[in-house]
Amino acid sequence: MAENTNLRIRLPIVCIVLEVILIILFGTLVEYDDHTSAHGWHDNKTKPKDPDYENEFYFRYPSFQDVHVMIFIGFGFLMTFLQRYGFSSVGFNFLIAAFALQWATLMQGFFHGMHHGKIHVGVESMINADFCTGSVLISFGAVLGKTSPVQLLVMAVFEVTLFAVNEFILLSLFGARDAGGSMTIHTFGAYFGLTVTRVLYRQNLEKSKSKNCSVYHSDLFAMIGTIYLWMFWPSFNSAVTAHGDDQHRTALNTYYSLAACTLATYAFSALVSHEGKLDMVHIQNAALAGGVAVGTAGEMMLTPFGSMIVGFLAGTISVLGYKYLSPVLESKLKIQDTCGVHNLHGMPGVLGAVVGIVTAAVASTEAYGNGMEDVFPSIADKSSNAYSQAGMQAVSLGVTLGMALLGGLIVGFILKLPIYGAPPDTQCFEDSIYWEVPGEEEHCNELTHVTTAPEEVEKLNG
Amino acid sequence: MAENTNLRIRLPIVCIVLEVILIILFGTLVEYDDHTSAHGWHDNKTKPKDPDYENEFYFRYPSFQDVHVMIFIGFGFLMTFLQRYGFSSVGFNFLIAAFALQWATLMQGFFHGMHHGKIHVGVESMINADFCTGSVLISFGAVLGKTSPVQLLVMAVFEVTLFAVNEFILLSLFGARDAGGSMTIHTFGAYFGLTVTRVLYRQNLEKSKSKNCSVYHSDLFAMIGTIYLWMFWPSFNSAVTAHGDDQHRTALNTYYSLAACTLATYAFSALVSHEGKLDMVHIQNAALAGGVAVGTAGEMMLTPFGSMIVGFLAGTISVLGYKYLSPVLESKLKIQDTCGVHNLHGMPGVLGAVVGIVTAAVASTEAYGNGMEDVFPSIADKSSNAYSQAGMQAVSLGVTLGMALLGGLIVGFILKLPIYGAPPDTQCFEDSIYWEVPGEEEHCNELTHVTTAPEEVEKLNG
Amino acid sequence: MAENTNLRIRLPIVCIVLEVILIILFGTLVEYDDHTSAHGWHDNKTKPKDPDYENEFYFRYPSFQDVHVMIFIGFGFLMTFLQRYGFSSVGFNFLIAAFALQWATLMQGFFHGMHHGKIHVGVESMINADFCTGSVLISFGAVLGKTSPVQLLVMAVFEVTLFAVNEFILLSLFGARDAGGSMTIHTFGAYFGLTVTRVLYRQNLEKSKSKNCSVYHSDLFAMIGTIYLWMFWPSFNSAVTAHGDDQHRTALNTYYSLAACTLATYAFSALVSHEGKLDMVHIQNAALAGGVAVGTAGEMMLTPFGSMIVGFLAGTISVLGYKYLSPVLESKLKIQDTCGVHNLHGMPGVLGAVVGIVTAAVASTEAYGNGMEDVFPSIADKSSNAYSQAGMQAVSLGVTLGMALLGGLIVGFILKLPIYGAPPDTQCFEDSIYWEVPGEEEHCNELTHVTTAPEEVEKLNG
């Protein structure tokens, strides 16, 4: 029953095959867009004077880097709370994201519309690829500690494709709005991941429970992740909104939502604790729910105080979820959600979709003026109206949940095949399965600066 | 005499009441400005062509995010040097800042001038709110380890208000210039905090002295904070200066001041040490003094070498302060300044004000040309001259000190009331008073990833 | 033979003398450029309307801050993998960089062309100074753990000068292209550092081998450095390229190169390990090789899939180098390369130069159109052609290697003089030589928050 966790053949094969496929597909299908190509930018200029400042790079690159930091530092370090899984948290996050952003470029490019049979890339496709990657990392959070990196890469192959299909249905077919991905990223990623982790339910996970927790300094490493996610979420939600007021407003709405969410998180974390003590799990996770919850409505005229109400609600729901709901999901529904993604991305994602439904329903020309076109193009060109738009938002939520649950089910069973070198129930949340791990006070065997201490590894594997 | 430190009722009540008040006030008083509002941006456009690149977002948002990182990562992690107070340092920094930036938006908006009875928000108000928050966090540094989070929130309520009043007096009434807040942020925050910590003097703080220090890895966590503050200070000082050369020059002046400050810091840290060894406290703090010291003059034509002289002076003063002055302030004046904010924000802040006085006094049309209007509008429109401007700078420093000392005194006594759940003298610098704290090697009680280890907590509370 | 490592006189003298010289030279030679100077920006405006958005600040400052983070956080924390050298890694990185960027401003300014006998500074010179500093920090990586900070400052004095000379020869005399410094920064810094470390060969370094390795949490600190370098490398390579498509394309090429590099790194790290386990050294370092390898060609029309091929190659070479080549360089050539810079900067730097040669050779007007002028000005104005340009690239690589090897030899012998307080062979990779170091569980001697624990230090010095 225990699988062979030696990945000496399987991990290289999967990485190399995937990368070769990516390179071939990029070689045949991908080219620079007109803001990235030398002849494309210079030979298509229509203005007589030099308008280099109109290159998309200047509008979006700073926000792209903030999103990038959220994906690689934010998610990566947030998951280092586990006391013996830090290498895997940061390291597998790094690997999956590096793969997923390339695969997402192809999948999203294909669905987004090709130019003469080519996929065009530029800073906007880079941001959208990071968004898709975020969804995969959310699912990673649900299975954290219980999979091999090969399983994660396989999950990413399928999840990225499903994400791109869902995103296409919502944004291109339905004309739904979801700038910060409350539906496409958070709801989808959470419920997909929760379904996968349900299918991969481990009967004897209790045997690893001594490692399914934090120590003092791992909680501090995790706070690095939390704070970066919190600070840069305004960039995340605004990254692909329209130029001008839209990017500006979306960032500001998110900023206020998160501030209010933080106050709610501290309030309820102390309240639900017998001794009134704050719980790092809540601070690390629930304080972020406000960003998720304004993912859809952030670009709308939500108003600052509207954002604050949403954020406060999100933080409250999230803390209560961590305290009361997660244990129930685990004991009754057998969902072993390591990071509690249901409380940070699941419920707040649905809340975000609902907020989007409501805010779309009240869209008015007084509020948006000539800016309606940037936020609700279908209302602006009269092909729809506020109520229909709200209806499409609602249908979108339903479709997303369906895609996530069905997709998670299928992919879960694909990942259940005993071929990936997954760890046994007794060895979850343990870095030394897949990494050469130094001890706490180590002597080096050779003069290089890598150490392997066989007796130490065996002790951990005990 | 020992207060009940169980905050199960008090912290939630304070957080919820404050947030509800904020939401109500935002709902009645706050609206988007014309760069953030959909109709505001689109319907007020005067140019025929699309000038989205003129939205304030593109001029200031990247700098805003750098400031944000300084507030949440910089300050938060700089204070994690304390070996058992990392959760509180990062966590209370997070809480206070999330509250203060909302409250500051209202206070500063009120004083800054309202538009038809409304406070307008946008990236510039977001930056200014973070600036005010910075001042509160400086004061936090003076009382670090000795207060409950409820005390800190109460302190923030009053300090933000006093900050806004002082800022209004200086910038709007006196027409003083203080782009990077040497006076409004650093001098004010430091002397306010020092006065509060004097009022809250603890007779038996020695009983906690085993925790009032760092360990190896906590010093490394603190360096994360230091390096971020150092790198991004150019963005901080330039964030609200005028477009164009002003933002550019202020960033560059700050960059050179900090580089020279670092050289001075290392030099004097080794010099004052018996064995010539560097002291992390100096590197973590004094190396930043150069940023404080060009807060006022950074936007002026200070010249690169002028900036370097100022920075070198600031680093020297700061190290000497940490080594020789802080112990005296403590033993003679009973000022228990945990982070040594007097050496990083107090004295360098005053130095910054003085540098501003001098640089204003020598302002000339040769140096500024048509750029005078952006830096010294009162000199440009002839309502004042260089000497009068310098005089106003000097008066401003005096007013700031007065506000800080008087405000700190009053607020100090408000905070002295034994109602906030403050820790006893024997339990300062200790996370487990307010946080559920895992041990160093921990077993989890349940399958969730939170651990409480009663025997461990009791051992710490010993 | 053992030197006196007490730097109480030497470090202050060197820092103060260097800074005073810098200040004097800045005072006589340096002034603001026209985008930074108040009168320069306002009185030289030719457009009637306000074009503040054309200030160089908005084109380059966000990228500058990303480069700055790479220099101070990226390099600084990447080198904290050493279990007892974290203070020195971050701290000496901080000191050298703060010095080098000032000295580089002068050296590069002198060679770059002066304006009426003055060196002009602005965001572009700030970026270029950070680039030069990066080269010095690469060399630091080769000697990490084996020098005193005084040696490092002396090395920086010479290396910055040699860098500036080499950069001038390549970019100004030869007209070579090297936007991200595969040659000027990485090849130069690596081979210079390797030569220095060869000259400083330590016969008995094995006596320190117990410290020449990582522990669990120091590997996590190092990952902070790695991830920041990886994320921001697109900004690094694009930071000084032409406005518009060039900055955009260079960032995008780098992004894809690094993604492919990561997949290669994980693949080969598992493959070369007996148990198929990943090695943190590879992940921390080799995953970055893709950024180095597109330093030259990144601004060219390399195409996304071209970038991915280069990145994949670079990651492969780098891992194989760490595993098989470094031990040979050490045992056979006596090159004790602490960080393995040959595998991350040396070989990938040469690869980057070769890629630049090839990509230049195939430059065509179809690919570049009117954008040829920004990337290959000598081809655009017909003073050269693609093959000649490729030839110049090749000659440039040779000159760089020559400068690095010869310069490293001379400087190595200068650094071999026993006057700098270098540590003995038994005390390398040890912070407590130059720092006051707290223990793991420490009691403070005084009420300040600095601890010195004599018995702890002596134990380490044992």
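From the backbone N, Cα and C atoms, a Cβ is placed for every residue, glycine too.
TrEMBL entries are annotated by machine, without manual review.
Summarising the annotation, TrEMBL assigns domain 'Ammonium transporter AmtB-like' to A:55-419.
Per TrEMBL, the feature transmembrane segment maps to A:12-30 (among others).
If you look up TrEMBL, you'll see A:67-87 (among others) marked as transmembrane segment.
Look at TrEMBL and you will find A:94-114 (among others) tagged as transmembrane segment.
Feature annotation from TrEMBL assigns transmembrane segment to A:126-145 (among others).
Positions annotated as transmembrane segment by TrEMBL: A:152-174 (among others). Taking Cβ pairs closer than 8 Å, the transmembrane segment (A:152-174) reaches residues 14-15, 18, 92, 95-96, 99-100, 103-104, 107-108, 110-112, 132-133, 135-136, 139-140, 143, 183-185, 188-189, 192, 196, 392, 395-396, 399-400, 403-404, 407, 410-411, 414-415, 420 in its own chain, all 6 or more past its ends.
Long-range contacts of the transmembrane segment (A:180-201) within its own chain (CB-CB distance under 8 A, at least 6 residues past either end) are made by residues 131-132, 134-143, 146-147, 155, 159, 162-163, 166-167, 170-171, 233, 236-238, 250, 254, 291-296, 298-299, 333-338, 341-342, 344-346, 348-353, 355-356, 396-397, 400-401, 403-405, 407-409, 411-413, 415-416. What TrEMBL records for A:180-201 (among others) is transmembrane segment.
Residues of the same chain lying 6 or more positions beyond the ends of the transmembrane segment (A:213-233) and with a Cβ under 8 Å from any Cβ of it are 66-67, 69-70, 73-83, 86, 180, 254, 258, 262, 280, 283-285, 287-288, 291. What TrEMBL lists as transmembrane segment is A:213-233 (among others).
As annotated by TrEMBL, transmembrane segment applies to A:253-273 (among others).
Among the features that TrEMBL reports, transmembrane segment is placed at A:285-302 (among others).
Annotated transmembrane segment per TrEMBL: A:308-325 (among others), in sequence order. Among residues of the same chain six or more beyond the transmembrane segment (A:308-325), those with a C-beta under 8 A of the stretch's C-beta atoms are 256-265, 268-269, 272, 279, 281-282, 285-287, 289-290, 292-294, 297, 302, 340, 342-344, 347-348, 351-352, 355.
Summarising the annotation, TrEMBL assigns transmembrane segment to A:346-364 (among others).
Distant neighbours of the transmembrane segment (A:394-415): 139, 147, 151, 154-155, 158-159, 162, 165-166, 169-170, 174, 176, 178, 183-184, 187-200, 350, 353-354, 357; these residues of the same chain sit at least 6 beyond its ends, with a Cβ under 8 Å from one of its Cβ atoms. Sequence annotations record features per position, and here TrEMBL assigns transmembrane segment to A:394-415 (among others).
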Per-region confidence, the domain 'Ammonium transporter AmtB-like' (A:55-419) (mean pLDDT, whole number) | 96
